[in-house]
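Sharing a structure below in C-alpha cells format, with a few things to ask.
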C-alpha cells in the first residue's frame, strides 16, 4: 500500500462549531464536575470511600484535566486553526486530551465491572476489601495512561501550513502526520482495537447485568426502585460510550489512513469532516459522566434531590412574598386621595 500525495485538507465549519460546543461544555462541565467534587468532599470522609466512589472521583479528576484545556482549544479554533499560544501549551493540551479520553474509558470500564460483580456475586463482593483494590486499580490506570500520554509532551506538535486565503501561514496543533508513516499507523491500530476490546467487555458486562436484574423477582417497592436505578445506570454508561467514544474510534482508523496518504483526496475530505464532528462528541463525556453518579450513590442522589427541592421551595416562598406585598400595596394605592386627608 503506497501513500498518495494529497494537499492539506481542512474542514472550515469547525472554526464555528468548536468554539460554540467547547464553550458550552466548558461552562457545564466545570459546574457539574466541580459540584461533584464538592459533594464528595462534604459527604464522604476519605477513609470511607469504597471502590466505586474512588473510581468516580478519579473519573471526575480526569474530566477536570481536560476541561482546563478547553479555553486553549477555543482560542485555537477562533483563530482559524492558528496556534498563537506558546508551543509547549499545544503539547500539554494534546497530552491532557489523550489522558481524559482513555482514563474515562478505563474508569467507566472498572465501574461497569464493579457493578457486574455486585450483581453476579453480591455476597463475595460485599465481603471483599474493595477500597484497597480501588486504590490499586486507579494507580495502575493513571500510571499506564499518563505514561503513554507523556509521549505527547516531547512530540513536535506544531507545523506550519498556508492559510486558506493564501496570504500567509498558520501554525497547526497536532494536525500533521508524516506521509506513509507505518509506526504511526500501527499505534493507531493498537489504540482503536484496544478501545473496541474494552467496549465489547463493557457491553457484555452490561448485558449480563440487565439480564440478571430483569430475571430477579421484585417482592417490595423498595427493591423495584433499586432495580430501576441500576438499569438506568447501565443504560447511561452504554449511552456515554455509544454517543461519545464509539463514533470517534469508528472514524479514527480510516481518518489516520487518509492523513498518512493511503486514501484518495475525495475520501480524505469526507472522513476529515466526520472526524471533526466525532471530536465534538468525544468531549461531551465531561458533561455526561456526572449523570452516571446520580444512579451510583444514594447519598449523592439524595443531596442533589434535597438541593433541587430547596431551590424550588425558595422560589415558591419568594413568589408568595411578592404576591402578598402586591395584594397589600395595590388596594392601598387604590384608596381615594381625599380620604387620606381626613
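Cβ atoms are placed via backbone N, Cα and C, with glycine included.
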Is it the same side of the membrane for residue 52 and residue 274, going by what Swiss-Prot records?
no
Any idea which of 55-74, 255-274 is down as transmembrane segment in Swiss-Prot?
55-74
Under Swiss-Prot, which of the candidate ranges 213-233, 234-254 is annotated transmembrane segment?
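It is 234-254 that Swiss-Prot annotates as transmembrane segment.
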Do any residues, 6 or more residues outside the transmembrane segment (92-113), come within under 8 Å Cβ-to-Cβ of it, and if so which ones?
52, 55-56, 58-59, 62-63, 65-66, 68-69, 72-73, 137-138, 141-142, 145-146, 148-150, 152-153, 155, 157, 173-174, 195, 198, 201-202, 205-206, 237, 240-241, 245, 282, 285-286, 289, 292, 296
How many helix, strand and coil residues does the topological domain 'Cytoplasmic' (39-54) contain under DSSP?
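Final tally across the stretch: 12 helix, 0 strand, 4 coil.
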What stretch in 17-38, 134-155, 234-254 has the biggest tally of Cβ pairs under 8 Å against the transmembrane segment (185-205)?
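By the under-8 Å Cβ criterion, the transmembrane segment (185-205) pairs most with 234-254.
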How many Å separate the Cα atoms of residue 90 (disulfide bond) and residue 169 (N-linked glycosylation site)?
17
Mean pLDDT for the topological domain 'Extracellular' (156-184), as a whole number?
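A mean pLDDT of 85 is what the model gives the topological domain 'Extracellular' (156-184).
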